[in-house]
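See structure below.
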Amino acid sequence: MFRRAVRVLLTLVMIGSAALAGTVVTAGTAHADGCYTWNRTLSQGSSGEDVRQLQIRVAGYPGYGAVLAIDGEYGPATAAAVTRFQQAYGLGADGVAGDQTFNKIYALQDNDCTPIHFTYGEMNRCNTSWSGGAVSASQARANALVGMWKLEALRHALGDRPLTTSSGFRSYACNNAAGGSATSRHLYGDGIDLTGTPTFCQIVRQARYHGFREILGPGYSGHDDHAHLAHRSSRFWSAPSCGI
Ligand SMILES: [Zn+2]
């Protein structure tokens with residue numbers, strides 16, 4: 001995000017210099033972002049890597065109980081997620097991803113593509129390699145990135161209150177040491193434990209709207225002292241003390 005501001009400033013200086021020198025300046029760098037820059041407006045029917053990158057950023061807006069596919073195909077579900085993202089940030093909500101939407105994403109992301117309120121470091125307190133889990137290191141890291149964008153949406157929906165993570169990716173060794181289940185989603189990089197505030201019940205209730213198929217909280221065995229959010233193939237929500 002910061003580097004983008006510097007680049008814009010540099011661009012303006014360069015435009016000024018070029019104008020003085022009487023040379024032609026082509027536009028296009030004004031939106032350069034340190035992580036990823038979109039170069040076209042995206043809407044239903046679009047496909048490609050730029051759509052996939054967009055889907056990662058709006059993965060936290062699939063609607064209640066749903067999960068957005070990160071497949072590079074801009075279908076109705078992606079349009080609906082973009083609309084919810086736009087509504088959440090007070091943008092014109094048309095389900096089309098153009099400059100307004102991309103600029104909001106640029107403002108929300110760091111140069112390593114994580115959302116500004118979360119880091120790869122806090123998503124992996126086990127090792128620095130992301131290896132030793134149930135999937136490849138690159139897959140675990142990619143899963144964690146999507147999880148962080150879901151957390152960013154959850155955080156915003158809960159009133160922009162800070163969320164405190166206590167565990168993310170775990171290798172089998174780290175998972176055994178933590179007493180995690182042998183099939184724990186922490187082994188895949190998308191399991192996230194939250195402590196602190198808001199209350200665990202507030203977190204797990206709201207998480208149902210933000211793309212988490214696995215939600216465990218108070219009343220579920222071993223989850224009275226944290227909220228656990230993750231991805232999985234089919235829905236498994238249990239937090240009996242919260243009415244879930
Ligand atoms: Zn957990």
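A Cβ is built for glycine as well, from the same backbone N, Cα and C atoms used for every other residue.
Annotations in TrEMBL come from automatic prediction, not curation.
Computed from a predicted structure; not experimentally measured.
Here is what TrEMBL records for this protein:
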| type | residues | note |
| --- | --- | --- |
| DOMAIN | 47-104 | domain 'Peptidoglycan binding-like' |
| DOMAIN | 117-229 | domain 'Peptidase M15A C-terminal' |
| SIGNAL | 1-21 | signal peptide |
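Counting residues of the domain 'Peptidoglycan binding-like' (47-104) by DSSP class, helix then strand then coil, yields 28 helix, 3 strand, 27 coil. Mean pLDDT of the predicted structure over the domain 'Peptidoglycan binding-like' (47-104): 98.
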